[in-house]
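Taken from Swiss-Prot, the feature ATP binding site applies to His18, Asp168, Ser169, Lys170, Asp244, Arg250, Lys251, Ala267, Lys271. Among the features that Swiss-Prot reports, Mg(2+) binding site is placed at Asp20, with the record citing sequence analysis. For Glu46, the entry in Swiss-Prot reads K(+) binding site. Summarising the annotation, Swiss-Prot assigns L-methionine binding site to Glu59, Gln103, Asp244, Lys275 and lists sequence analysis as the type of evidence. Among the features that Swiss-Prot reports, region 'Flexible loop' is placed at 103-113.
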Amino acid sequence: MSNLKNFLFTSESVSEGHPDKVSDRISDMVVDSFLSGDPFSRVACETLTTTNKVVLAGEVRGPSIKEEDLIQKVRECIKDIGYDQDGFTWREATKIESHLHAQSADIAMGVDSSSNKDEGAGDQGIMFGYACNETEELMPAPIHYSHKILRLMAEDRKSGKLKNIEPDSKSQVTFEYVDGKPTKVKSVVISSQHSADVDQAKVRELLKPYLLKSIPEKFLKDFNEEELYINPTGNFVIGGPDGDCGLTGRKIIVDTYGGAAPHGGGAFSGKDPTKVDRSAAYAARYIAKNIVASNIAEKCLIQLAYAIGVSKPLSIYVDLFDNDLEKNKFVTEKISENFDLSPRGIREMLGLNKPIYEKTAAYGHFGRVPEANGSFSWEKTDKKDVFSK
């Protein structure tokens with residue numbers, strides 16, 4: 001984020017019913033399906049969703065899964081999200097194709113471990129992790145509250161409490177920063193698909209309460225309601241994959257820090273944990289979050305770089321945003337001493353060879369609560385004492 005002290009900063013989120021997020025979820029369901037049968041499966045699954053059609057394509061190596069079983073799981077994903085519309089439904093009207101095939105032997109050769117070397121990275125690339133003390137979850141405020149608005153809407157929609165609202169929604173929150181700290185909300189945008197029998201006044205009445213439910217009152221003092229934009233273009237009846245084609249991996253900023261930190265360009269969903277696009281980004285967040293949780297820095301940016309077939313990162317970059325070279329050196333040394341950042345080391349450190357990915361596909365991969373089954377293990381702060389001087 002900018003080194004300016006006083007500024008406006010905006011982040012957006014999209015709901016689980018957004019067409020790209022439908023695709024992300026289906027791709028991560030495929031990852032979980034293979035990892036359930038073999039924790040060392042290899043998966044790279046892309047999903048396209050459009051009007052009454054879903055297409056899976058990619059490379060896999062692992063247990064044999066019947067195509068009809070995978071197709072049934074796709075329908076279960078669509079049903080859970082909430083789609084049962086003329087243009088996109090979990091029922092037979094939506095046609096599902098699978099074009100998954102075996103992983104390239106050339107890629108496997110570079111990644112598999114052998115007797116004389118550790119397993120290499122699945123590809124070259126750069127990955128970033130970030131944390132800051134703007135929220136309890138150590139996430140930037142704009143993306144955190146953008147996610148929260150949509151997550152609460154989805155919970156109420158699925159429970160039946162929020163009626164006439166359909167699965168496809170977007171949010172956007174602008175914060176005013178003073179002396180580098182978020183002080184108040186400047187504007188909020190909520191756009192949501194709705195049933196055809198409600199007008200925009202009713203939609204506003206239904207969705208306005210989620211502003212107060214999601215954002216702490218201290219940030220809403222003197223909020224001008226004219227800056228609350230709900231469905232600013234009017235009717236939003238046709239939505240989801242029927243309104244726009246969805247593809248896996250197109251919401252990488254929503255998935256991470258809302259633009260508050262750099263992104264290496266690699267998407268997460270549809271990839272097993274040997275892919276450092278995913279696992280190393282999780283590790284970088286884990287390190288950054290523990291650094292900030294230790295109170296040695298108010299915010300932290302980590303960059304990792306890898307080469308295909310090489311087990312150790314080519315570089316580790318640390319930015320604590322305070323120009324304290326001695327502290328930066330101390331933190332960098334502690335990372336090298338306490339974190340195995342080889343692909344295998346990351347997977348073992350965070351327990352990533354588990355079917356834990358489908359639930360990451362919506363509302364952000366970061367700022368979530370670690371669960372007993374290993375989900376969101378990269379959000380733990382169990383290494384914060386490593387960075388205490």
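Cβ atoms here come from the backbone N, Cα and C positions, even for glycine.
Since this is a predicted model, take the numbers as computed values, not measurements.
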DSSP three-state assignment (helix, strand or coil) for Gln103 (L-methionine binding site): coil
DSSP three-state assignment (helix, strand or coil) for Asp20 (Mg(2+) binding site): helix
Sparsest-packed of the listed binding-site residues (His18, Lys251, Lys271) - C-beta count within 10 angstroms: Lys251
For the residue listed as 'K(+) binding site': DSSP state (helix, strand, coil): strand
Of Gln103, Ser169 (the binding-site residues), the residue whose Cβ has the fewest other Cβ atoms within 10 Å: Gln103
From binding-site residues Asp20, Glu46, Glu59, Lys275, the one whose Cα lies nearest Ser169 (ATP binding site): Asp20
When distances run from the Cα of Asp244 (ATP binding site) to each of the binding-site residues Asp20, Glu46, Gln103, Lys275, the nearest one: Asp20
Binding-site residues clustered about Lys271 (ATP binding site) [Cα within 10 Å; pool: Asp20, Glu46, Gln103]: Glu46
Per-region confidence, the region 'Flexible loop' (103-113) (mean pLDDT, whole number): 63
Spatial neighbours of the residue listed as 'Mg(2+) binding site' among the binding-site residues Glu46, Glu59, Gln103, Lys251, Lys275 [C-alpha, 10 Å]: Lys251
For Lys251 (ATP binding site), the one of Glu46, Glu59, Gln103, Lys275 that lies nearest, given that the binding-site residues are compared by Cα: Glu46
Mapped DSSP class for Glu59 (L-methionine binding site), helix or strand or coil: strand
For the binding-site residues Asp20, Asp244, the one whose C-beta sees the most other C-beta atoms within 10 angstroms: Asp20
